[in-house]
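Student: I'd like to ask some things about the structure below.
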Amino acid sequence: MNVLVINAGSSSCKYQLINMESEGVLCAGLVERIGEATGKLAHKIAPDTDSEEKIVLEQPFPNHVEAMKKVVELITDPEKGVIKDKSEIYAIGHRVLLGGEEIKESVKIDEWAKGVIRDYIPLGPLHNPANLAGIEVAEELFPGVPSVGVFDTEFHQTMPAKAYLYPLPLELYEEMKIRRYGFHGTSHRYVTKKTAEFLGKPLDEVNIITCHLGNGCSMAAVKNGKCVDTTMGITPLEGLMMGTRCGDIDPAIVPFLMEKKGLTTAEADTLMNKQSGLKGVCGMNDMRDIHAAVEKGDEKAKLALDMFVYRIKKYIGAFYAALGRVDAVVFTAGIGENDDIVRAEVCENMDVFGIALDAEKNKIRSGEPRNIAAENSKVAVLVVPTNEELEIAQAAVNVLKG
């Protein structure tokens, strides 16, 4: 049984074809610069294996339909293809940013589901239109193959009102659905399940704090296997300091800057989403570059790192208070899985919470879930590699099998 996973962006499209029996990736790729003069398609056969083979094409892709037509050609190519024809695809799983309150779990795509995605375009103006385009392309190119939408916001729909409501006039929520939705939910859900397996506990008995740290960063407080709070809000801008996003700031800064700097609404939005965070403080948004700069004595890089770590530590404390009991703090995503320096600094002086790191275990690289806590640590400190594509594929199968 094969599931094609699609993550469509405004000018890009990521995909993976996964064999669900082995959970192996048959092929994966990324189409970039869709709609530009020259596009790029990087396609990998048997990625991350000894037999990996890469095909790179540079040509115009006028739209998502033409881009995915080329992907289908590669997947079913007589010589290099991984399946004979499209009939070998059981389902298509789509990553969708925002499903609001209406969609609380993964759903088979129909006109109602597409309508909900359209309704939330004002809150997800970059992602929801692109996600919808990916769905419509799949319907055109794979007639008869069911599509399933897996939403970033699903996992956080179990938050209580005290956590998801903003202290604004309640009418704004009632009229416009202004509330915290949370994102990276597919990743948080995947690592929550993996953590329960690793700890040998039933899912509905685990209390954990999950830290998804990449270029985008978010954390979730998980009580009895369900999300009760998260750092991102109505958009992915709220919460932690990120690669180019500011995270939590005083909202009054925005009108102040618009008045004093003459910024438009769009310019203020760009400032906070694309010119802030690590990049805004030190000019770099790749943590590897920041570490290298810190080694050379770059004070701005050190400040950016300190600010990044400090925000994470604060939220661990806040979520610990919200949960009351914590079985594990879980690190995942690019920085969370690979950056032992960030993990060490986050866990430093956290004895009051029963969190202590084993310095040597922390430095070990592995693609498997692992506990890097010291023996005297009362709380497990786990590194759990995320796999959002596999989680989307599994969700698609579960929906269709009922």
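Every residue gets a Cβ built from N, Cα and C, even glycine.
What you are looking at is a predicted structure, and each value in this text was computed from that prediction instead of being measured.
Here Swiss-Prot flags Asn7, Glu388 as Mg(2+) binding site. Under the heading ATP binding site, Swiss-Prot lists Lys14, His212, Leu213, Gly214, Asn215, Gly216, Asp286, Met287, Arg288, Gly334, Ile335, Gly336, Glu337, Asn338. Taken from Swiss-Prot, the feature substrate binding site applies to Arg95, supported by sequence analysis. For Asp152, the entry in Swiss-Prot reads active site, proton donor/acceptor. Feature annotation from Swiss-Prot assigns site 'Transition state stabilizer' to His184, Arg245.
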Student: Fill in the CA-CA distance, Arg245 (site 'Transition state stabilizer') to Asn215 (ATP binding site), as an integer in Å.
Tutor: 9
Student: In sequence order, which same-chain residues at least six apart have a C-beta under 8 angstroms from Leu213 (ATP binding site)?
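Tutor: In sequence order, Leu240, Ile312, Phe331, Thr332, Ala333, Gly334, Ile335, Gly336, Asp339, Val342 meet the Cβ cut-off.
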Student: Tell me, by DSSP, whether Leu213 (ATP binding site) is helix, strand or coil?
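Tutor: Assignment for Leu213 (ATP binding site) reads strand.
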Student: Does Glu388 (Mg(2+) binding site) have same-chain partners at least 6 apart in sequence with Cβ under 8 Å from its own Cβ, and which are they?
Tutor: Arg95, Thr186, Ser187, Tyr190
Student: How far is it from Arg288 (ATP binding site) to the residue listed as 'active site, proton donor/acceptor', counting Cα to Cα, in Å?
Tutor: 27
Student: Between all pairs in Lys14, His212, Leu213, Gly214, Asn215, Gly216, Asp286, Met287, Arg288, Gly334, Ile335, Gly336, Glu337, Asn338 (listed as ATP binders), what's the biggest Cα distance, rounded to the nearest Å?
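Tutor: The ATP-binding residues span at most 24 Å between Cα atoms.
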Student: Near Asn7 (Mg(2+) binding site), which of the recorded positions Lys14, Asp152, His184, Asn215, Asp286, Glu337 can be found within 10 Å, Cα to Cα?
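Tutor: Within 10 Å of Asn7 (Mg(2+) binding site): Lys14.
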Student: Per DSSP, to which secondary structure element type does Glu337 (ATP binding site) belong, with helix, strand and coil as the options?
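Tutor: Helix, per DSSP.
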Student: Would you please pick out, from the recorded positions Lys14, Arg95, His184, Arg245, the one with the fewest other Cβ atoms within 10 Å of its Cβ?
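Tutor: The recorded positions Lys14, Arg95, His184, Arg245 were compared, and Lys14 has the fewest Cβ atoms within 10 Å.
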Student: If I take the alpha carbons of Lys14 (ATP binding site) and His184 (site 'Transition state stabilizer'), what is the distance between them in whole Å?
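Tutor: Given the Cα positions, Lys14 (ATP binding site) is 16 Å from His184 (site 'Transition state stabilizer').
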Student: What are the sequence-distant neighbours of Asp286 (ATP binding site), meaning same chain, six or more residues apart, C-beta distance under 8 angstroms?
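Tutor: Correct list: Gly243.
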Student: Could you tally the C-beta atoms, other than its own, that fall within 10 angstroms of the C-beta of Ile335 (ATP binding site)?
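Tutor: Neighbour count, Cβ to Cβ under the 10 Å cut-off: 23.
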